[in-house]
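> Found this in TrEMBL, in case it helps:
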{"type": "DOMAIN", "residues": "104-247", "note": "domain 'SLC41A/MgtE integral membrane'"}
{"type": "TRANSMEM", "residues": "35-57", "note": "transmembrane segment"}
{"type": "TRANSMEM", "residues": "69-88", "note": "transmembrane segment"}
{"type": "TRANSMEM", "residues": "100-117", "note": "transmembrane segment"}
{"type": "TRANSMEM", "residues": "162-182", "note": "transmembrane segment"}
{"type": "TRANSMEM", "residues": "188-211", "note": "transmembrane segment"}
{"type": "TRANSMEM", "residues": "232-256", "note": "transmembrane segment"}
Amino acid sequence: NPDNVATPIAASLGDLITLSLLAGVSSTLYNYIDIWYLSPLVCLVFISLIPLWAVVARQNPQIREVLRSGWQPVIIAMSISSFGGLILDKTVSDPNFEGMAVFTPVINGVGGNLVAIQASRISTYLHFWSIPGVLPYKMRQHWPNPCITFFSSGVNSKSARVLLLLVVPGHLVFLFAISLLQGDEAPITIVFTICYLCAALLQVGILLYVADLIVRLMWRRSLDPDNFSIPYLTALGDLLLGTGFLALCFRCVSLVQGLLL
């Protein structure tokens, strides 16, 4: 099923390629920091290539629609995610938040991938059983409550439960890998593990519920949820439910350790 495989792989490769390019380009430009015009020149070259790529993208009828209407969710999502970077910048130098930079990509990546799978599955279900603007009978509620999202007999509810159950074992594997690779740089205690897993469960639970709401809303407005919902959901996971909950997790661990000492 491409909804289960293609979406998380594309998102993960996007993050990996972006970070690799960012590290490589910034390192190269830093080596030539004395050449003041180099950075503006690089920016100018890439900006001048935008019309070329737009013409190339318009050759594909399916991409042409995204080229016309897909800018708004991406730009808004980028703006929302930038606030998550501000939270990380404020906490990464605090001794009480030691290891924040290590765990942020993990909790954001897992939450974003899981909610992207769910949003893609719901969108596929709607495309199969209905037409844009009309919700199918089994999804007739415009604003479902969490019980319908997680505990009904529908196929989307079953997938939401499965994705939520993947959170704890998945994060335990990542925590074990981080403890092996980072060692003392990212100390993992029992208190931290409990707080971290609670934050991750709360993050994914809220994201899955919000995904159900947003996809229904987009579909009622005759918008393709594949193009509009996933950027909003991943940005929300990065800002409030990822970086924010992780910072709260570190704060709770600091308070608990202060009480135990």
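One-based numbering along the chain as shown.
Each residue, glycine too, has its Cβ placed from N, Cα and C.
TrEMBL entries are annotated by machine, without manual review.
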> Pairs 6 or more apart in sequence, C-beta under 8 angstroms, 3 or more of them: is that satisfied by the transmembrane segment (100-117) and the transmembrane segment (35-57)?
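Stretch pair does not touch.
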> Same-chain Cβ contacts of the transmembrane segment (232-256) under 8 Å, 6 or more residues past its ends?
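Sequence-distant neighbours of the transmembrane segment (232-256): 11, 73, 76-78, 80-81, 83-84, 87-88, 91, 96-97, 99-100, 103-104, 107-108, 111-112, 115-116, 119, 189, 191-192, 195-196, 198-200, 202-203, 206-207, 210-211, 214.
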